[in-house]
Amino acid sequence: MGDNTDTAPLLTSRKDKPAKPPSIDDLIEASIGDTGAVQLLKAVFVAFAWAFDAQQVFISVFTDAEPRWHCAGSNSSCTPGAAAAAAPCALPGGTWEWDRPARTSVVSEWALQCAGPALVSLPASSFFAGCLARGFLLTTLADSLLGRKKMLVVSLVSMSAAGVLTAFAPNIWAYAALRFVSGFARSVVGTCTLVLSTELVGRRWRDTVSVAAFFCYFVGFLSLPALAFALREASWRSMYLWTSAPCLCYAALLYFLAQESPRWLLVRGRTQEAVETLRQIASRNGSSADTTSFSKLDACSMSDETGASGGGVFATLRMISGRPWAIRRLAAIMVAGFGVGMVYFGMPLTVGSLGPNLYLSTIYNALAEVPSAVLSWLLIARAGRRASVVALAASAGTCSLACAAIPRGAGAARMAAELASFFATCTAYDLILIYAIELFPTCVRNSAVGLVRQAMVLGGVAAPVLVALGRERRFWSFGVFGFAIGGAGVFAACLPETRGKTMSDTMEEERNEASCTSTTPIAKHTDRDLV
């Protein structure tokens, strides 16, 4: 009997599980070690592109503002009561004057004070229309042909060139057309910046780099009122020159100093370039390159799946469309992004009523981004993505609905509710972008995040109309905002949790990762079973 026991197989009832192959994250960090100071600084330098992105988004707050005016002389047709009106349309010429030179705003330079809201808002609408056109048509270029770095540099140069040309616009129609071009160029700046900066660092520093990008956005936003105040007596054209020229210099430095994402190079099957990039990073960080790990990188070449050998511009979208679980994820987070974007771009238009000083009002809006970025960093580090977005959306929606219910006489309470709603919305905006990065693998990540940003911009396009309607009945602004962002939380609740999950590189890897974290691990999953 003892002999039988000694010779009996011990593992006849189970199969040995094959060892899981190392991920790209594992191989990259084994090759160059932990993220060094130089690599981290380069990632933050890439993230600074968000500062120029913010400037182009909000520059029209000053260049397109309607200046204040006053009565000229002692003409009886112009009275202090008439001067309090929105525009001097009913007054004869020569009875009033602008408080500042006409060149300080497009409204005063081209006499648009009585042109109607459609024409005055045309440049801003054209800018967002350009963002939508580029985003939906060419958002996949960073995943397919150009890569993160080249796409970012091309977008920054194009945006800056359009800004310089805008400074020489001869009329409102040329101005609106150039704003469309500027929006078309900057559409993917934010997406490429966030994706590239996070892919240049290891797991430990990704959250920090993401929050650094949000702080850079705040810096760009806050720089506008300071620049506008310094140029308050100069032409509005100076604003475009002073924001575009530094962006061109930054784009040149970025081209020479930043590296392409090693993850993207590997996923595209360009292993040799990826190895060379990793060697550069390792040498500049002062660490010795691990040649053993470099030799394993060939196994990470995924050109067959990603269509690196000629899949075309829309290859990544075809990869998503062929997988129902990916479509459901993308649809849910895009709808959530639409609701958050509507409030994010719309609420500042109402918070601008904080006072008559345009510079201070914009500073208040910009300062709301600071605690939002801090809270985003804390939530990213310590809380789940899904629960955080749902809670923030519910809070923002509740505060927005409260704005619609609070009587007009309770100005302080109404303003507090407005700011609380905007603060929660800013935080939800940041978290949704991080959530989108983690929901999709490297081979389609930039395209997916780009589409989510376009959904946010689409919400921003609808916001000014609601704000205009809300001047008569507040429900059409604050009420709709509350329901929109509340609905965003409902759709976010349908998404899988991603906190602590390794970033996948292929669609198959992401599907398997989701299958392993399912609540029913014994069942065999297909694409249709996964959210």
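Keep in mind that glycine also has a Cβ here, set from the backbone N, Cα and C atoms.
Annotation comment: TrEMBL describes 1-22 as region 'Disordered'. According to TrEMBL, the domain 'Major facilitator superfamily (MFS) profile' annotation covers 39-500. Taken from TrEMBL, the feature transmembrane segment applies to 118-139, 151-170, 176-196, 208-227, 239-258, 326-346, 358-380, 387-407, 419-437, 449-469, 475-495.
No contact links the transmembrane segment (326-346) to the transmembrane segment (176-196), because fewer than 3 Cβ pairs that are 6 or more residues apart lie under 8 A. Beyond the ends of the transmembrane segment (176-196), by six or more residues, the same chain brings 46-47, 49-50, 52-53, 56-57, 60, 122-124, 126-135, 138-139, 141-142, 148-149, 151-152, 155-156, 158-159, 161-163, 165-166, 169, 210, 213, 258, 261, 433, 437, 445-446, 449-450, 453-454, 457 to within a C-beta distance below 8 angstroms of the stretch. Against the transmembrane segment (475-495), stretch 387-407 shows more Cβ pairs under 8 Å than any other of 151-170, 208-227, 387-407, 419-437, 449-469. Between the transmembrane segment (419-437) and the transmembrane segment (151-170) there are fewer than 3 Cβ pairs closer than 8 Å, counting only residues 6 or more apart in sequence, so the two stretches are not in contact.
For the transmembrane segment (387-407), same-chain residues at least 6 beyond its ends with a Cβ under 8 Å from one of its own Cβ atoms are 336, 339-340, 343, 347, 350, 379, 413-414, 417-418, 420-422, 424-425, 427-428, 431-432, 435, 474-475, 477-479, 481-486, 488-489, 492-493. Looking at which of 208-227, 239-258, 449-469 has the most CB pairs under 8 Å to the transmembrane segment (151-170), the answer is the stretch 239-258. Same-chain neighbours of the transmembrane segment (449-469): 117, 121, 124-125, 128-129, 131-132, 135-136, 139-140, 142, 187-188, 190-191, 194-195, 330, 333-335, 337-346, 349-350, 429, 432-433, 436-437, 440, 476-477, 480-481, 484, counting only residues six or more beyond its ends whose CB sits under 8 Å from a CB of the stretch. Remote same-chain residues near the transmembrane segment (208-227) are listed as 40, 43-44, 47-55, 58-59, 61-62, 193-194, 197-198, 200-201, 239, 242-243, 358-360, 362-363, 365-367, 369-370, 372-373, 376-377, 380, 430, 433-434, 437 (criterion: CB distance under 8 Å, separation of at least six residues from the stretch ends).
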